[in-house]
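What TrEMBL records for this protein:
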- Asp21, Phe22, Asn23, Arg37, His60, Leu61, Gly62, Arg63, Arg119, Arg152: substrate binding site (BINDING)
- Arg37, Arg119, Arg152: (2R)-3-phosphoglycerate binding site (BINDING)
- Lys202, Glu324, Gly350, Gly351, Asp352, Ser353: ATP binding site (BINDING)
Amino acid sequence: MNKKSVKNVEVRGKRVLVRVDFNVPLDEQRHITDDTRIRASLPTIQYLVQEGARVILASHLGRPKGQANPSYSLEPVAKRLSELLGQNVSLAGDCVGDPAMEAVSTLQDGQVLLLENVRFHAEEEKNDLAFARELASLAELFVNDAFGTAHRAHASTEGVTHYIPAVAGLLMQKEVEFMGNALERPERPFVAIIGGAKVSDKIGVIENLLEKVDVLIIGGGMANTFLKAQGFKVGKSLLEEEKVELAKQLIEKAKRKGVTLELPIDVVVAHAFEANAPHRTVSVSEIQEDEMALDIGSASAERFAARLATARTVIWNGPMGVFEMDAFAKGTERVAQAVAACGGITIVGGGDSVAAVEKMNVADRMTHISTGGGASLEFLEGKVLPGVAALQDKA
Ligand SMILES: Nc1ncnc2c1ncn2[C@@H]1O[C@H](COP(=O)(O)OP(=O)(O)OP(=O)(O)O)[C@@H](O)[C@H]1O
Ligand SMILES: O=C(O)[C@H](O)COP(=O)(O)O
């Protein structure tokens, strides 16, 4: 990465504002149901603590629409982070103004403070510069470690960089390097697997990957639109009729670019979108009008696995079927195993793909699991992430 990292600057005794992405899922009792993002931020925080910096953490949680709202307080995160760090992390009542300034003024070297949700202020998402300056005034250095929010040009990700020196955190550096190297200098064969619900969410990703990969595998609900483009009937399956023409163009583009496009050849169909719906596996030419495809079939899964067996670089985003229901999880499971076994560099992009990999117990066999959902998609689309672009270049 051509950006300075926290290891390239002096931090001892300094007040360091660290933007993290602690936007974690909570249940109704406000218990954290997945603390991956908090764990992923530990290397940067621990490094700063060991180096004797005064660590001021800032994050958003959810979408409280610019209003202070206790349902979106970072309080459960402060508690969990204290446990993980083995040292107290206090929570300031606000991210700016007196509560923040007072909390920062008592901070000693090596101590950690978490500011309350930055989205309690409407100015955050507007990237209001007066608000950004107030945030920046708390510190002498800004470290952005929030890869998951790097696609947002907000006050705490972009605005603050106008006022104090800004460098990348260790998680940000790792994410950008893994995905950047895979896209720009892949060991070949380079195979991308794109799945999930909708083509419309991932058009940009498919377009960009067609410029880079050797093999593109498409599964999940979005494959139906491609099957329709190939002339198959898809019955009641999830389909984006208005994207069929685009799918045809993408199939053509793959041919032109010499990219091997792998679509399902068989699918698991049912009459209803239900966990215990009776189901059968059929060739893609045999889907009946009252049936819906909810997973790729075993022949497709084996074909995809064979492509993956020789891959040296794999990027995976989106499940192959409705993996939340056991009856329709087998395609995703087979692909997860094949990715884990390939022996190449394997990168899984956020959201449901990560949940799937965890459900299949192969997470620790992947080279890199991204903490970014929207951010990793935008990265794969080849877009510039404003939270990264704003950081200082290496000399
Ligand atoms: N054949 C299908 N029919 C209907 N829904 C499907 C089908 N295959 C997969 N899905 C659903 O798609 C959803 C995931 O789609 P989505 O596009 O959000 O992918 P994602 O993995 O979350 O993307 P990201 O990894 O970027 O967050 C899952 O909930 C899954 O049940
Ligand atoms: O979870 C995410 O994708 C990030 O934290 C960004 O959240 P947002 O989509 O609410 O901006």
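Each residue, glycine too, has its Cβ placed from N, Cα and C.
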Euclidean distance between Cα atoms of Asp21 (substrate binding site) and Arg152 ((2R)-3-phosphoglycerate binding site), Å:
12
Measure from the Cβ of Asn23 (substrate binding site) and count the other Cβ atoms within 10 Å, all protein chains considered.
21
Do any of the binding-site residues Arg37, Gly351, Asp352, Ser353 touch ligand 1, in the sense that the CB is under 6 Å from one of its atoms?
Gly351, Asp352, Ser353
Hey, of Arg37, Lys202, Glu324, Asp352, Ser353, which of those binding-site residues are within 10 Å of Asp21 (substrate binding site), Cα to Cα?
Arg37
Nearest by CA distance to His60 (substrate binding site): which of the binding-site residues is it, out of Lys202, Gly351, Asp352, Ser353?
Gly351
The record lists Asp21, Phe22, Asn23, Arg37, His60, Leu61, Gly62, Arg63, Arg119, Arg152 as binding substrate. What's the largest Cα to Cα distance among them, in Å, rounded to a whole number?
18
Excluding Arg37, Arg119, Arg152 themselves, which residues in that chain have a Cβ inside 8 Å of the centre of the Cβ atoms defining the (2R)-3-phosphoglycerate site?
Asp21, Phe22, Asn23, Ser59, His60, Leu61, Val118, Ala146, Gly148, Thr149, His154
Secondary structure of Lys202 (ATP binding site) (DSSP, helix/strand/coil):
coil
If we count other C-beta atoms within 10 Å, could you say which of the binding-site residues Asp21, Glu324, Asp352 has the fewest?
Glu324
Can you tell which of the binding-site residues (Gly62, Gly351) has the fewest other C-beta atoms within 10 angstroms of its C-beta?
Gly62
Quick one: which of the binding-site residues (Asn23, Arg152, Glu324) have their CB closer than 6 Å to ligand 2?
Asn23, Arg152
So which binding-site residues are near Asn23 (substrate binding site), with CA atoms within 10 Å, out of Gly351, Asp352, Ser353?
none
Find, for the listed binding-site residues His60, Arg152, the residue with the lowest Cβ contact count at a 10 Å cut-off, counting only other Cβ atoms.
Arg152
